[in-house]
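Notes for the one structure printed next.
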Amino acid sequence: MSVGPPGQEGLLALASSPPLLLPGGRKQFARHEWAQKAAYLLGSNLEELSSAIFKQQQPKGSLQRSTSFRQGPEEAALADGSGPKTSALECLEALTAGLYSELFTLLISLLNRALKSSQRSLCSMMIVDTPGLQNPETAGQSRGATFEELCHNYTQERLQGLFHERTFVQELERYKEENLDLSLDALEPSVSGSVATVDEASHQALVRTLARTDEARGLLWLLEEESLQPGGSEEGLLERFFTHYGPQDGDKKAQGEVLFPSHKGAALGPG
């Protein structure tokens, strides 16, 4: 891609700095010498790096951004209006995600520059990079998944379904058209049960009142409907969900969270 030594050093600096930043018990670095090295790689100093990671920057009068439909005690807004509490690890994760995004954007820019041509292009290439399936329980966190993590998992499941369709289903159909015999074990469904829960209406018996709609809706539709209601809450969302989808559709009803089953070993997570 014709990347010179300075560009290569910049890419390596972005990639190697986050592992050096281990948070301590409070909002500070556990190893200052490692944090100093990370600041040097990022072209900054330790004070600027600490301020960028751990300092709450919530402009007055701005709307608070939340990626979770449910807020626990540690996520509730502070009494003085300074914004939601965040742990040192969450601050570091935010920086790591930002650096990774910058690194990915830079690589895409370099690829586009290398592929640039004065001739008219006949096709295009798209690079998609997802964070993968998110499950707080496997990370040792006793909380429900945020709405952002739900969206990540939904995207990942959708991409897996697309891969399954392109790699197996369409290829097998072509084999049949060519009258070629190919013995394979039974393939799993291309769409997981958790994706179907989000997208499709329930086909089970529904309990409705006259005020409810005439057909079942997907989970995202229920989230949007509840968010538009004055005084909408998680309890209201749970009531809507278990009204439209009985226990036979949902995995189980726990205290304050809904668990969705997954047929691929990784769930969309508590929501």
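Placement of Cβ uses the backbone N, Cα and C atoms for every residue, glycine included.
Among the residue ranges 57-84, 141-168, the one that TrEMBL annotates as region 'Disordered' is 57-84. Mean per-residue pLDDT, taken over the domain 'Myosin motor' (1-271), amounts to 67.
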